Amino acid sequence: MGEIVLPRRMFLWCMAVIYLTAFVSLYVQIPGLYGNEGLLPARWQLRYSGKPLVEQLLSSPTLLWLGPRLGLDTHTAMELLCLIGAALSLAATLVEAFRDSVVFFCLWVLYLSMYEVGQVFLYFQWDNLLLETGFLCILVAPLTLIRGSRGVREHDRVTFWLIRWLLFRLMFASGVVKLTSRCPTWWGLTALTYHYETQCIPTPLAWFAHQLPVWWQKLSVVGAFVIEIAVPFLFFSPLRRLRLGAFYLQVLLQVLIILSGNYNFFNLLTVTLCLSLLDDRHVYFWLRKAYKTDNGNDDSKLWSWLCYLLELVVWALVIVGTVISFDLQLDTVKKGISSRTAFTYHQFNLFLKTVTIPSIWIGVLSLTWEMVTSLFRCACVSGFFKRFWGTVQWTVFAGAAASMFAVSLVPFTFIEYDSNSRLWPGVRQAYEMVDRYQVVNSYGLFRRMTGVGGRPEVVIEGSSDGVTWTEIEFMYKPGNLSASPPMLTPHQPRLDWQMWFAALGPNTQSPWFTSLMYRLLQGKRDVIELIQSDVSQYPFHQQPPAYLRAHRYRYWFTESKRVHSGNISHSFPERWWRRVYDEEFYPIVHLGNSFLEGMLNQYGLKDKSPPRRLSNTTVAQAVRWVRSQVRGVPAHTLIWTLIACSATFCLVQGLRHKNKDVEKPSDAHKATATDRTENAADGSSSDHHEKSDEQQADEEDDKEADSEDEVEEEGEEENEVDEEDEDEERIEKR
C-alpha cells in the first residue's frame, strides 16, 4: 500500500467533525432526557456513597463524579462536559495542531462519560462505533501538542490499519447477521420493499424509492449482500485497484442509505472508516495533482498486465458468484432481472464456518506485513538516535495494535459460535477487562426487518376535558399524514428513535414512556422541547393537558399517482402516509391517576428526594447562559451551521496556503533571473568579486537543498507534512 499521509489527515479531520456533531446533538437534548426534570435524570445513575473517587471511577467510568467537587449538579456537569467536547472537536476541526492524540483521548473520555449515564437513549450501535473509532484515533493521531510536529511516524501504517480492520468487522458482520437471523424478508430478498417505510425516520427520497418495482428492490438487496459480505475481503488485497473498487462500492452503499434514511452520524462515520482504503496517490488524483514516486516508470509491463488480469479475474469471480448464488436471470416479461436466494441456511452456515477463521488469518498476515514494512522504514532512518527512538515507538505501537486486534476477535467471532469457542481463553479474559470501556464491540445492523404488516407508530393524544382530544405531533417522527418526512442527518432525535422502538411492543417494555406521559402532564418545558423545539407549535403550550392517552396505528407510504401534462409524466404524493387504527397503547391517565402512580412506583420513576437548588457558581452560570442562547434552535440547523462555517474556514485556509505556495516559486525564479543578469554584467570583475559570486551561488545551492547535508536532513524529517511542501518548492526552484 502506498503512503497514507493525506488519507490519515482526512480521517482525523472527519473524526473531529463527527465528534462535533455527536456532542452538539446530545447537548441540545440533555435537559429533556437527563435533566433534573427530564425523562431519565442522570443523577439517578450516580449514587454518591462517600467512596473514594478512584473507586467511583472504577465502578462507573464517568467524569460526572467530579461534579460535586466543582459545585455542580449532575445535569449542569453533563452540559459542561458536552460543551467542552464540542469546543475541543471544533478546535480540532479548524486547527490541525489540535488533531492530536491527547485531544482525541479527551474527546473519547468525554463521550464515554456521557455514555455511562445515557441509559436507553445512548445505547445504540453507532454510539459504540464512535467510542471504538475514537479510541483508535488516540493511536492514529500524532502527538502534536507534545512533540510540536505533525510529521508522519514510521508506525502510522500499523495503527491506521486498525481502522481498516474495524471497517471489515462492521461491514462483514452487518451482512452476515441478516442471514443468520433467518428473517424471511432478507432470505426472500424482499426486505427493501418494507424498509423504506418502516425505518425509524425516513427521508422524502424514501417515499420515491418505495415506489420502485419489486424486481429492482430485490436486486438492490442482492447488491447489499455482495457489498457487505463479499467485497470486504478486498480491503486487504495487495492490489490497490481492488481496494479502491471496494472503497467506492462501500461509499455508494452509505450514500444511498443517507439519501433514503436519517441515521444520524452513523453513515458519515462509516464513510470516514472507508478512508483507510485510500493512499496518497489516489487523493492526488482527486486533487488533479501529479503524484511523485521514487519508482519512476521502471515498473515491468509484464507485471502490470498480470495485475490487470488478476483484478479482472477477481471481479469476474464476484460477478459469477453473485449470479449463481442469487440465480440472476433476465425477465423479458417484466422487463427486469429476476432473483432468488439459491442457497440454504445450512449451506450459508457451512460457508460462515469456512471463512471466519481464514478471515482472521488474512487479518494476521495483513497486519504482519504492515508491521514488517514499518520496521524496515525505522531501520532506514538516518541517525542512530532517531533510528533507536523510532524503533522504540514502533515496538510500543505495534504491540498496542496487536493487542487491539487480538481483543477484537472476541466480538468479531460472535457471528459464528464454533470459531468463538476456539479462541485462546486469555483473549477472552482481556476482552472482559476492557468491555465496559467500549474499546471493541460487536456489530450487526438491520438484523431483522420490522413492520412487515405495516409500520407501528404510537400517537399521543391530550385533552383538557376528557372529551375533545388533540394529537401531539412530534417534530421528526411520522404522525401527520400530510407532513413530509424530514432531512435531519447527522442529528439524532433520541426520543423520536425510542418512540419507534416503543411501538414494536407493549408499553411495559419501555418504562421511560410512563415518565414521558408524567412529564407532559406536568407541562415540563424541557421535555416539551424534545417534541417541538418551537414550543409555540406544541398544542398545549399555554396549559398542560389534564388527560393523556396513546394509541398504536399502522402506517404505510401512499401509492404514487401519475399525472400527465402533455408528454410529461411525473409522480408526487398528495399525502405521504396512510394509516389504520391498531390498538390502545397507553390508557387514559391524569395526575394522581392510580395506574400512572403505580407504573411510576414500579419502575422507580418518581423522584422522592426534595428538589435541589441550582448551583450559583460562575461555571454553572456560564453553562446556563450558553443554554439560553441556543434554546429554541432546531438541533439539525445548529449542527449544519457549525459544519458549514468550519468547512468554509478550512477551505479558505487551504486556498490561502495554496496561493502562498504559488507565489513563493515565482519569487524565487525572479531572484534567480536577477542574479544571472548581475553575474553577466560583472563578468570582468576582480577575483574578489568572483569569489563573492561563488559564495552567492553556494548560498543559492544551500537554499535549494542541493547539498548532501540537506538531503540527509530531509531524510531525517521526510515524514513531516510541512517539510513535504518545502521539498516541492525546492524542486520547482531547481
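Cβ coordinates are placed from backbone N, Cα and C, and glycine is handled just like the others.
If you look up TrEMBL, you'll see 660-694 marked as compositional bias 'Basic and acidic residues'. The annotation compositional bias 'Acidic residues' is assigned in TrEMBL to 695-734. Feature annotation from TrEMBL assigns domain 'Lipase maturation factor 1/2 N-terminal' to 123-284. Annotated domain 'Lipase maturation factor 1/2 C-terminal' per TrEMBL: 439-587, in sequence order. As annotated by TrEMBL, region 'Disordered' applies to 660-734. As annotated by TrEMBL, transmembrane segment applies to 12-30, 76-95, 102-123, 129-146, 158-177, 215-235, 247-266, 302-330, 350-372, 392-415.
Highlighted: of the candidate stretches 158-177, 247-266, 302-330, 392-415, 392-415 has the greatest count of Cβ pairs under 8 Å to the transmembrane segment (350-372).
A mean pLDDT of 90 is what the model gives for the domain 'Lipase maturation factor 1/2 C-terminal' (439-587). Outside the transmembrane segment (392-415) by six or more residues, the chain places 136, 139, 153-155, 158-159, 161-162, 165-166, 169, 172-173, 176-177, 180, 352, 356, 360, 363-364, 367, 371, 374-375, 378, 423, 427-428, 430-431, 434, 439-444 with a CB less than 8 A from a CB of the stretch. For the transmembrane segment (12-30), the residues of the chain that approach it from at least six positions outside its boundaries are 38, 75, 78-79, 82-83, 85-86, 88-90, 92-93, 96, 98-99, 104, 107, 110-111, 114, 121-122, 130, 133-134, 137, 140-141, 264-265, 268-269, 271-272, 275, 490-495, 530, 630, 633, 635, 638-639, 642-643, 646, 650, judged by C-beta separation under 8 angstroms.
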